Amino acid sequence: MDNKLNIVIITGMSGAGKTVAIQSFEDMGYFTVDNMPPNLIEKFVGLLNTPDNKIDKVALVVDMRSRAFFEDIQSIVTELTDNTSVNFKLLFLDANDTELVSRYKETRRSHPLAIDGRTLDGITKEREILADLKNLSEVVIDTSELTPRNLRARILQKFATSTESTFRIEVMSFGFKYGLPLDADLVFDVRFLPNPHYISELRDKNGTDQEVYDYVMEHPQSEEFYQNLMKMLVPILPAYKKEGKSVLTIAFGCTGGQHRSVAFAERVSAALREKWHLNVSHRDKDRRKETVNRS
């Protein structure tokens, strides 16, 4: 098993997509640092490259914002390439001049090397400075025709080490009376199912308790809904992954988030966990109990 520290330096033309790139690495579980001064990289790597360090993947953005320090980058890249105690890759992001000018016009920002606001002059100068560094890069991606989503997918394709690190599913339950979860991608309302709240011996239990789970699932409409739901979910999950989505949140809601939604979140997560990296949570499961305790 390779226990070496994995280091990726992200560099390239200003406006070529380094922000999207570093976010992509963060989604893959990398420790990320934006705008890292090149003269600090050696010391930073030394701090991480120790037996008791728990960080095993690092992605650093180094670009022309470092200005005076940038001249150190080539020698540092050479040192990291020759360092047998780390796994090192250099990622260079590029785009054609027309596209870069267009992106700067769209964002209304100034190129770091532009003189008197002349963006194209700044791009030309930067391209000359980075020419040797581009030649040293193990991975070069031209983003001229790529959307942010396409770029993210390309990076995942080239750098991801496992399916678990590139796509995961969050299944959650919630109560509509406490509001919709803001981060949910898919929301399913299960308030049409019989409510255990009206069964006295089930009222103070929740959907993780076997009695409540069985009560919810024993009704024919529960089984019909579950079967139809899985027929929909199974084919669309690979499509979400293919589009480069890192987290898909599937939420089930009932009135208070204690019984029906919890039971369904448990059942669906158990089925999907066989194939997908998945986490299940119950936002409002204990909210009623907490309210009673505070009163």
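Keep in mind that glycine also has a Cβ here, set from the backbone N, Cα and C atoms.
What Swiss-Prot records for GLY12, MET13, SER14, GLY15, ALA16, GLY17, LYS18, THR19 is ATP binding site. Other Cβ atoms within 10 Å of the Cβ of SER14 (ATP binding site) number 24 in total over all chains. DSSP assigns SER14 (ATP binding site) to coil in the three-state reduction, placing it in neither a helix nor a strand.
Look at Swiss-Prot and you will find ASP63, MET64, ARG65, SER66 tagged as GTP binding site. DSSP assigns MET64 (GTP binding site) to a helix in the three-state reduction.
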Worksheet, complete the sentence: Using a 10 Å radius on the Cβ of THR19 (ATP binding site), the other Cβ atoms enclosed count 13
Fill in: Neighbours of MET64 (GTP binding site) among the binding-site residues MET13, GLY17, LYS18 (Cα to Cα, within 10 Å)
MET13
Worksheet entry | In three-state DSSP terms, the structure that THR19 (ATP binding site) belongs to | helix
Worksheet entry | Alpha-carbon distance [ARG65 (GTP binding site); GLY15 (ATP binding site)] in Å | 12
Discussion item. Neighbours of the ATP site GLY12, MET13, SER14, GLY15, ALA16, GLY17, LYS18, THR19: Cβ within 8 Å of the Cβ centroid, same chain, sequence order.
Written reply: ALA21, ASP63, LEU93, ALA95, THR143
Response to the item:
As a whole number of Å, the Cα atom of ARG65 (GTP binding site) is distant from the Cα atom of LYS18 (ATP binding site) by 12
